[in-house]
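Novice: The Fe cation 1 binding site annotation in Swiss-Prot covers Glu24, Glu59, His62. Here Swiss-Prot flags Glu59, Glu104, Gln138 as Fe cation 2 binding site, drawing on similarity to another entry. According to Swiss-Prot, the domain 'Ferritin-like diiron' annotation covers 7-156.
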Amino acid sequence: MDSQVRQNYHRDCEAAVNRMINMELFASYSYTSMAFYFSRDDVALPGFAHFFKENSDEEREHADKLLTFQNSRGGRIFLQDIKKPERDEWGNGVDVMQCALQLEKNVNQALLDLHKIASGKVDPHMCDFLETHYLNEQVESIKKLGDFITNLSRMDAVKNKMAEYLFDKHTMGGKN
């Protein structure tokens, strides 16, 4: 049944929003995996765990905003299976930050692609929504992760577990 509130909302935009919802939920799922990996008794880096748990919550909020947007525009929500993260063991701080950086870049590219679809279908509401709630935040997340990788690498944290511990404690706010 078609929505009575639907106006200037192309089916391609609707489908792309559904795909974006899935991507945000995948990102949330991946960050949850990272968070609880760092909470393990044999890893025990609470700052990393907290950081990734917050990222998971944020990605879930992004999905919720898209779900609300879809309903407000008269679109229909079609949830898809959420893919399992590519790994269960996340390794060291540098490795996981590089994975997180790639994840954020993938999400950013998907948002840019969604914006391009919305622009092509002349949907100023969707363009404004994406610009207001997503695009700048993605760039900030990418920059933050890049900075973390630079500082962890500078400390040679891959070979120096004390450096990783200190980064967790002082930069990530970990408390043991």
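Just so you know, glycine gets a Cβ as well, placed from its N, Cα and C.
These figures come from a predicted structure and were not determined experimentally.
I'd like to know what surrounds each of these features in this structure.
Specialist: In sequence order, Glu59, Arg60, His62, Ala63, Leu66, Val107 constitute the residues six or more apart from Glu24 (Fe cation 1 binding site) in its chain with CB-CB distances below 8 Å.
DSSP assigns Gln138 (Fe cation 2 binding site) to a helix in the three-state reduction.
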Novice: Near the Fe cation 1 site, what residues other than Glu24, Glu59, His62 in the same chain have a C-beta no further than 8 Å from the centroid of the listed C-beta atoms?
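Specialist: Apart from the listed residues, the neighbours are Met23, Leu25, Ala27, Ser28, Glu58, Arg60, Glu61, Ala63, Leu66, Val107.
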Novice: Compute the centroid of the Cβ atoms of Glu59, Glu104, Gln138, then list the same-chain residues not in that set whose Cβ lies within 8 Å of it, in sequence order, for the Fe cation 2 site.
Specialist: Ala27, Asn55, Glu58, His62, Leu103, Val107, Asn108, Glu137, Ser141, Ile142
Novice: Note down the number of other Cβ atoms within 10 Å of the Cβ of His62 (Fe cation 1 binding site), including every protein chain shown.
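Specialist: 23, counting other Cβ atoms within 10 Å of His62 (Fe cation 1 binding site).
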